[in-house]
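Step one of this worksheet: look at the structure below.
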Amino acid sequence: MYEAIGHRVEDGVAEITIKLPRHRNALSVKAMQEVTDALNRAEEDDSVGAVMITGAEDAFCAGFYLREIPLDKGVAGVRDHFRIGALWWHQMIHKIIRVKRPVLAAINGVAAGGGLGISLASDMAICADSAKFVCAWHTIGIGNDTATSYSLARIVGMRRAMELMLTNRTLYPEEAKDWGLVSRVYPKDDFREVAWKVARELAAAPTHLQVMAKERFHAGWMQPVEECTEFEIQNVIASVTHPHFMPCLTEFLDGHRADRPQVELPAGV
């Protein structure tokens, strides 16, 4: 179905694998188009409860695939290529944020530039103890993109975001966890197995409630508290009229759900 990415649906999880390992899984324009299409398919597939984005072999994603830049076409050709690339990057990032499924970034290696942007746009992020994070844009002389000016400071705070961007330093897993870039760190050798376990847990949870939470948290960043609480009321009313609600309430009142977490995550390192 796809040429530039890996894709499969299993156990309610749509796995999207960025696969250009000889270039640390940098994303071509075609790959971005395919990731966006795969996200659209996941949203339309009732059997899919969660999406997992990861990278082939030992890297997550090193950003834009620079080797397809048409240097022989001069400044105008390079500019046009970056304009097209930025448009597709941003369509893909928008879809990760807006897709009506929880998205897990399973960061198995380097996440640089746009790869960092993908991890920030995802709803949850976990990483292997071999991962590393770096802004990287200034290394190649370009401004940051992939909505990092929207997401990075929101997740790690303005001071830390500016430190990462201005110094271009590499962040390693434990510090990334401490800063909130990822929620958990797992050993490299077990990472794919654990990532699939987390994704399956997300997929098994009630999709309509996951989507409500996702939409509310993103909207809440931009809205006054009064608007947030009004939408929360609407979500509560919608959720209690859903067929999922009454069995859950009955179990809870009978004492069967009081201490049961909705999604169980493996302990990290």
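For all residues, glycine too, the Cβ spot is worked out from N, Cα and C.
Neighbour list (ARG67 (substrate binding site), Cβ cut-off 8 Å, at least 6 residues apart, same chain): HIS23, ALA26. Sequence annotations record features per position, and here Swiss-Prot assigns substrate binding site to ARG24, ALA62, GLY63, PHE64, TYR65, LEU66, ARG67, GLY114, ARG257.
Feature annotation from Swiss-Prot assigns active site, proton acceptor to HIS90. For the recorded site, HIS90 (active site, proton acceptor), the DSSP three-state label reads helix.
The feature active site, nucleophile is assigned by Swiss-Prot to ASP145. ASP145 (active site, nucleophile) carries neither a helix nor a strand DSSP state and counts as coil.
Listed in sequence order, ALA59, CYS61, ALA62, GLY109, VAL110, ALA112 are the same-chain residues six or more apart from ARG24 (substrate binding site) with CB atoms under 8 A from its CB. The closest partner of HIS90 (active site, proton acceptor) among the recorded positions, by CA position, is ASP145; the full candidate set was GLY63, TYR65, ASP145. Residue pair GLY63 (substrate binding site) / ASP145 (active site, nucleophile) shows a Cα separation of 10 Å.
Rounded to the nearest whole angstrom, the C-alpha distance between ASP145 (active site, nucleophile) and TYR65 (substrate binding site) is 14.
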